Amino acid sequence: MDNVLPGDSDLFPNISTNSSESNQFVQPAWQIVLWAAAYTVIVVTSVVGNVVVMWIILAHKRMRTVTNYFLVNLAFAEASMAAFNTVVNFTYAVHNEWYYGLFYCKFHNFFPIAAVFASIYSMTAVAFDRYMAIIHPLQPRLSATATKVVIFVIWVLALLLAFPQGYYSTTETMPGRVVCMIEWPEHPNRTYEKAYHICVTVLIYFLPLLVIGYAYTVVGITLWASEIPGDSSDRYHEQVSAKRKVVKMMIVVVCTFAICWLPFHVFFLLPYINPDLYVKKFIQQVYLAIMWLAMSSTMYNPIIYCCLNDRFRLGFKHAFRCCPFISAGDYEGLEMKSTRYLQTQGSVYKVSRLETTISTVVGAHEDEAEEGPKATPSSLDLTSNGSSRSNSKTMTESSSFYSNMLA
């Protein structure tokens, strides 16, 4: 994401308002090379990683779940932002000259807001889906059609939020160069501009992060506190360990997003408090570093999936099997694990009325098996119904599939 808040002309006032001065932000060649290498890492890692994530989900039928469709949307938004905006924003920040014309100036300021909105609200949808599956397992789940409708609505809202910044973007010719800037309607104290920037910051950072944090906190506490009375088997402890891994993964995802984007939003809100800070020469290096950190958020999710989820790890190994230092692994596991689980589920379904209810809950969440937390409703329901040790053991056998996948 680039000019989500003030445009570069607002960030570096002298490049658009003082045409008689030379460009004080010109960098030595060695600095440009280092920054170019750093931004290249983001583009390559993000585009390749997120494309592989989309392939893993869309090319394997058992991976096409409600949650994973949101992950596809998240991966698409992040890969698109890395591909279409990172390099352009880097060259503009380094040279302070716009080479790409009026249309791309508007797109350059418009698309990042839409992409970040789609990304964070895809994460929010995943958090809500997790919350409902674990805290309210008997409530109806989203269908595939409803999931696609939600994704469509997310993008419509994203485009509407981004429209003003794209609409008011324009290019202006200065002596010796062209700049891309945002010309907001004139109003005392820049009221429209401030209101829009604050609104964007709240909607694409603070509000969704608050919702995600609450949902995952409740889910994490519920998972951590869940116990099965009378069952102290090794398999039970494996399940507890798997649940803790899921909680750690949630914390990693949320904290990664928060850490990457917080400096960016603070940086672009500071002009309203101390505008003189942004005419200092060192501010360009600060801006490049903060923008790199924010843009790097697009490349971390594939790494997190690969490290913390067995199915994604298998998919990545297969995608990069041509590399001499990567073993292909059990690629058939992407499909076969679900088949084996269906057989286990069938045996559980026939045991008793109580276990019929339990297996129905598990069956409703079978499509989420690859992500782990969906195993929780079965164990939680088992605790609340006070089932016997034999019932608990039977349930442990079926839900151990989830534990094995997250081990």
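Placed from the backbone N, Cα and C atoms, the Cβ positions cover glycine too.
Fair warning: this is a prediction, and the values are worked out from it, not measured in the lab.
Judged by membrane topology as recorded in Swiss-Prot, Pro28 shares a side of the membrane with Glu193. Per Swiss-Prot, the cysteine from Cys105, Cys199 that shares a disulfide bond with Cys180 is Cys105.
If you count C-beta pairs under 8 angstroms between the transmembrane segment (65-86) and each of 32-54, 107-128, 149-169, 249-270, 284-308, the highest count goes to 107-128. Within the same chain, residues at least 6 positions away in sequence whose Cβ sits under 8 Å from that of Cys105 (disulfide bond) are Trp98, Ser169, Thr170, Thr171, Cys180.
Annotation for the glycosylation sites Asn89, Asn189: lowest Cβ count within 10 Å of the residue's own Cβ, Asn189. Scored on C-beta pairs under 8 angstroms, the neighbour of the transmembrane segment (32-54) with the top count among 149-169, 249-270, 284-308 is 284-308. Remote same-chain partners of the transmembrane segment (284-308), defined as residues 6 or more beyond its termini with a Cβ less than 8 Å from a stretch Cβ, comprise 1-2, 11-12, 25, 27, 31, 35, 38-39, 41-42, 45-46, 49-50, 52-53, 71, 74-75, 78-79, 81-82, 86, 89-90, 93-94, 245, 248-249, 252-253, 256-257, 259-261, 263-264, 267, 316, 406. Secondary structure by DSSP for the topological domain 'Cytoplasmic' (129-148): 12 helix, 0 strand, 8 coil.
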